[in-house]
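The next block holds one structure in the form of structure tokens; read it before the comments.
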Amino acid sequence: MAAVCAASRVLGTKILSCKSLPAVCQANRQLHFSIYGKRGDAKISDGVSNQYPVVDHEFDAVVVGAGGAGLRAAFGLSEAGFNTACVTKLFPTRSHTVAAQGGINAALGNMEQDDWRWHFYDTVKGSDWLGDQDAIHYMTEQAPAAVVELENFGMPFSRTDDGKIYQRAFGGQSLKFGKGGQAHRCCCVADRTGHSLLHTLYGRSLRYDTSYFVEYFALDLLMEDGECKGVIALCMEDGSIHRFRAKNTVIATGGYGRTFFSCTSAHTSTGDGNAMVTRAGLPCQDLEFVQFHPTGIYGAGCLITEGCRGEGGILINSEGERFMERYAPNAKDLASRDVVSRSMTIEIREGRGVGPDKDHVHLQLHHLPPQQLAARLPGISETAMIFAGVDVTKEPIPVLPTVHYNMGGIPTNYKGQVITYKDGQDHVVPGLYACGEAGCASVHGANRLGANSLLDLVVFGRACALTIAEIDTPGEKLSPLKPNAGEASVANLDKMRYANGSTRTSEIRLNMQKTMQSHAAVFRTGDVLKEGCVKMESVYKSMDDIKTFDRGIVWNTDLVETLELQNLMLNAVQTIVSAEARKESRGAHAREDFKDRVDEYDYSKPLQGQVKKPFEQHWRKHTLSYVDPETGKVTLEYRPVIDSSLDAEDCAAIPPAIRSY
């Protein structure tokens with residue numbers, strides 16, 4: 001250990017002595033960015049650690065994450081004249097946005113008459129009336145312009161014969177406020193829409209003078225007196241620590257699917273932004289709502305897009321029955337994802353699953369023309385062959401619900417500003433924004449509609465940039481930062497680097513994932529959730545006995561995975577405790593011991609004569625969760641759902657009703 005510490009000091013002394021940053025890889029990589037961004041603005045600081053080199057940077061804005069939301073926010077800010085840094089642990093085109101398949105919703109009306117208000121209605125209904133209707137109004141009204149903007153950026157959308165953007169059917173989408181049949185609203189690039197969107201946004205970002213700090217792992221927010229003043233990050237390439245001081249910080253770090261054993265998420269989906277906010281003493285919102293995508297490949301968990309069913313694919317049980325006709329007579333296989341996942345689970349439970357163990361169902365595509373499969377679903381055809389050994393033109397795909405998306409996240413308003421709830425009012429956290437899957441506006445409520453996620457990314461990434469441009473002016477003088485700001489983050493990094501317990505990071509992570517998978521699944525019960533809370537408390541405490549093996553600082557993936565596990569753990573405990581506390585079934589949160597939705601009124605009956613339940617006695621409200629990082633103890637509070645649209649005359653709010661498809 002002494003030798004390692006000495007090596008760290010040598011690196012620190014070398015950087016400190018030269019008083020200017022080495023041009024790491026700028027000459028070698030020949031990319032559009034400098035690894036250290038605008039080097040003239042960077043200064044060496046010795047106020048945090050003598051062992052770890054600490055470099056200070058000043059920007060108007062810093063964006064954490066470079067997926068769809070992060071890129072859209074970053075180049076939107078640069079376009080508006082803000083000196084912007086984008087800090088990302090991955091090269092931008094490696095972000096998980098690249099894995100999205102199905103498409104992006106917008107009421108363009110290319111296939112039939114459509115209206116964004118019908119999209120608004122479907123999204124509110126899909127959220128099981130937990131979505132904030134002002135934010136849903138904003139997103140759905142902005143959707144057509146957002147898609148046209150992407151087209152102007154060069155996104156190669158699939159086309160109809162007459163050259164318009166092709167739009168496919170997707171789950172939970174209807175015409176005429178649910179009374180006009182299935183809508184075709186999902187704009188797509190075959191079944192690789194996320195790939196095209198991410199590369200389009202990345203290509204667009206090259207037009208602007210944004211400083212990209214690639215393969216930098218964000219550790220924590222720099223908070224002072226309730227205001228966010230930037231972030232502190234680890235440069236994984238050389239082990240130096242960087243403090244990014246900025247008047248505006250945008251979190252776009254994605255979801256935390258890797259808290260579960262079977263999921264469609266990349267291994268980098270570790271909820272880093274949620275965890276940073278939690279450690280800053282701020283709440284996360286609605287983390288109990290975890291979406292299980294109906295069609296993950298059995299045994300692998302790889303995503304099979306909902307677009308398969310949008311193109312005409314059907315789900316089949318062991319009796320050869322198209323069973324969704326029983327559960328959703330109108331929408332059938334294109335009911336919302338929570339409905340389809342529960343229906344599949346019931347079929348398997350009741351003995352109508354397929355395979356030797358009758359533990360999954362089939363997705364049938366071979367009745368569709370091969371030309372259609374080749375043109376509209378080329379990626380799925382390849383994925384099914386690689387991961388299931390299935391030729392989709394001849395055989396069905398074995399599928400099973402798998403964790404796919406987190407409806408909850410960092411609470412924001414529709415402008416992207418992070419909020420807290422005190423004294424019956426929402427309060428903006430100065431200098432802090434969130435968007436994408438990390439944020440919770442809340443446009444998805446208790447259940448996200450397919451193809452609303454990519455829309456969420458571009459609309460609210462742009463909204464963050466617009467809000468900052470409206471409030472601030474580029475080049476404003478920054479308030480001073482305490483010399484030791486970020487000291488606790490560096491101390492934690494050092495502690496994890498030299499952790500010498502008896503349990504590997506991978507072992508603790510697996511215990512967490514299996515606990516979450518078995519205790520917070522598609523169907524939940526009070527006893528199982530309580531047992532899960534107890535087990536997660538034990539798993540959380542086991543972090544005190546963690547052991548890391550790599551004592552280096554350059555590309556120490558053991559250290560980074562351990563820091564990611566800390567982040568996952570904070571997300572996991574909030575998820576399962578929030579789920580145990582919510583005594584109802586709503587959207588993706590299905591309780592077998594509380595099967596009904598508990599609203600302020602019983603909306604299955606006439607409202608006349610009913611007495612409104614007090615806020616404390618119903619569950620149509622957002623969960624706000626706080627964690628003590630030292631103990632893992634979770635504290636819950638609640639805030640009301642926003643039931644009004646942005647303009648009642650232009651778009652009437654949708655009152656709660658019984659949700660059926």
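In case you wondered, yes, glycine gets a Cβ from its N, Cα and C as well.
Taken from Swiss-Prot, the feature active site, proton acceptor applies to Arg337. Here Swiss-Prot flags Ala66, Ala69, Thr88, Lys89, Ser95, Thr97, Gly102, Ala218, Asp272, Glu437, Ser453, Leu454 as FAD binding site, drawing on similarity to another entry. Annotation source Swiss-Prot lists oxaloacetate binding site at His293, Arg337, His404, Arg448, Ala451, citing similarity to another entry. Taken from Swiss-Prot, the feature tele-8alpha-FAD histidine covers His96. Summarising the annotation, Swiss-Prot assigns transit peptide to 1-39.
Features as recorded by Swiss-Prot, highlighted on the structure.
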residue : record                    : contacts (Cβ under 8 Å, 6+ apart)
Ala66   : FAD binding site          : Ala74, Cys86, Thr88, Leu90, Phe91, Pro92, Ser95, Tyr202, Tyr212, Val214, Ala252
His96   : tele-8alpha-FAD histidine : Gly67, Gly254, Gly255, Ser265, Ala266, Thr268, Ser269
Gly102  : FAD binding site          : Arg168, Phe170, Cys186, Cys188, Asp191, Thr193, Thr305, Glu306, Gly307, Gly310, Gly450, Ala451
His293  : oxaloacetate binding site : Thr264, Leu303, Glu306, Arg337, Ser341, Pro401, Thr402, Val403, His404, Tyr405
Ser453  : FAD binding site          : Ala100, Tyr405, Glu437
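Note: the CA-CA distance between Arg448 (oxaloacetate binding site) and Asp272 (FAD binding site) rounds to 21 Å. The Cβ centroid of His293, Arg337, His404, Arg448, Ala451 marks the oxaloacetate site; residues of that chain outside this set whose Cβ lies within 8 Å of it are Gly171, Gln291, Glu306, Tyr405, Leu449, Gly450, Ser453, given in sequence order. Local packing around the Cβ, expressed as the count of other Cβ atoms within 10 angstroms, is greatest for Ser95 among the binding-site residues Thr88, Ser95. In the three-state DSSP scheme, Arg448 (oxaloacetate binding site) falls into the coil class. Maximum C-alpha to C-alpha distance over the listed FAD-binding residues Ala66, Ala69, Thr88, Lys89, Ser95, Thr97, Gly102, Ala218, Asp272, Glu437, Ser453, Leu454 is 30 Å. Cβ neighbours within 10 Å of Asp272 (FAD binding site), excluding its own Cβ and spanning all shown chains: 28. In this structure, of the recorded positions Arg337, Arg448, the smallest number of CB atoms within 10 A of the CB marks Arg337. Residue pairs drawn from His293, Arg337, His404, Arg448, Ala451, the listed oxaloacetate binders, are separated by up to 13 Å at the Cα level.
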